[in-house]
Each structure stands twice: as structure tokens, then as C-alpha cells.
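Undergrad: Below is the structure I would like to discuss, written out as C-alpha cells.
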């Protein structure tokens, strides 16, 4: 691996180690607070089309957030992971419509899969993150799903990262030139817009 890849891998290990120390009770409560933070910030308006992921494992639970979007009559796109790196989408109608995909994959709806370019319909896109810095640089799990998917977004859409509060910090996140920066960060504590006019200094490998 090159220097940036090494730094990303090291940070992923550290983040996942801390996440695994969170109890189910903490996760459940944090999922409710995540939805409250989104409601307080008014991130999504009624009847909007948005894209959001179905959480899994030690991620901040998104079930309450998705329920809120349904309550305001948003059209919700959730990922459908195929065999390649192109991410399809399906309409989300509630947790009852999800099926367990097994392995290290999130639950998915059972209805038809929309093509990758369906993402262009979304005005706000919520993405999972392991770490985000103040410039909006995001660390993912390393599979490249979102890097591929975000090529199809509407350029006017907002990208909002969801992570635990301690994963959003002043510490620079290692990133490559092709990594897409986010426009804001939503945690169970608050929503923070990112000032993308800041100087996007290259990451220095240490």
C-alpha cells in the first residue's frame, strides 16, 4: 500500500476498535438522538427525495432517522449492493420491508432495484463515515462503494456524513484526490455544516 492507504487502514482499525466498545443500549439511544439532531437542524424538508443508508453493526443506528423521513413524506432511496462496485437503489417503505443480507452487508428492501443514476433524484445524500475532519474529508470502510455511487449524484445535492461524535474532529483525515468531500456531518450530538471554501490542504503522511 502507498502512504495514504497505510494511514487510512491504520485509522480504520482504531475507529472500529472503539466502536466495538459501544453497547447495544448506547447504540439504540444514539439512534434516537441522531434523528432528534436531524429534526432540530431541519436538514430535510417535507416531500423531498433523499438517499440514506440502512445502518449495520456498530454504526450509529439510522432506523429512527429513516422513520422521521417517512413521517415527513420524503421519498427515500437506500443502497442495493450488487456483485460489483456499482451501487443500485431501492425505495424504502419501512423496516418491515427489509431483508437480512447476511455477512457484512446491510439489510435491503425486496422490491425492484433502481439503477445507479437514480441517485441524481436525491437532494440530500446521507453516507456512512468512520471519520470526518473539519474540511469535510471522509474516511469510509475502504470498499469504494460510495466513491463509485457519488459519481451519479446531482451536483447541487448535499452530502451529509453520519458518524459517532468522537469521529468528527480537528485531526486531518487521510484522503486521496478522488475522494469526495462532504457538506456536513450529522452525529447523535448535532449537525455541523462544512465550510468547503476552506483551504483543502493536502494530507501530509506522518
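Any Cβ shown, glycine's included, is placed from N, Cα and C.
Note: TrEMBL annotation is automatic and uncurated.
Take a look at what TrEMBL says about it:
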- 8, 9, 10, 11, 12, 138, 139, 140, 141, 142, 143, 144, 145, 146: ATP binding site (BINDING)
- 54, 59: substrate binding site (BINDING)
Undergrad: Mind telling me which of the binding-site residues 8, 12 has the densest Cβ neighbourhood, counting other Cβ atoms within 10 Å?
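TA: Neighbour-count leader: 8.
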Undergrad: Out of 54, 139, 143, which of the binding-site residues has the smallest number of neighbouring Cβ atoms within 10 Å?
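TA: The binding-site residues 54, 139, 143 were compared, and 143 has the fewest Cβ atoms within 10 Å.
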Undergrad: Please work out which residue of 10, 141 has the most C-beta neighbours within 10 angstroms of its C-beta, and give that one of the binding-site residues.
TA: 141
Undergrad: Cα distance, residue 59 (substrate binding site) to residue 139 (ATP binding site), nearest Å?
TA: 13
Undergrad: Secondary structure at residue 8 (ATP binding site) (DSSP, helix/strand/coil)?
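TA: Its secondary structure by DSSP: helix.
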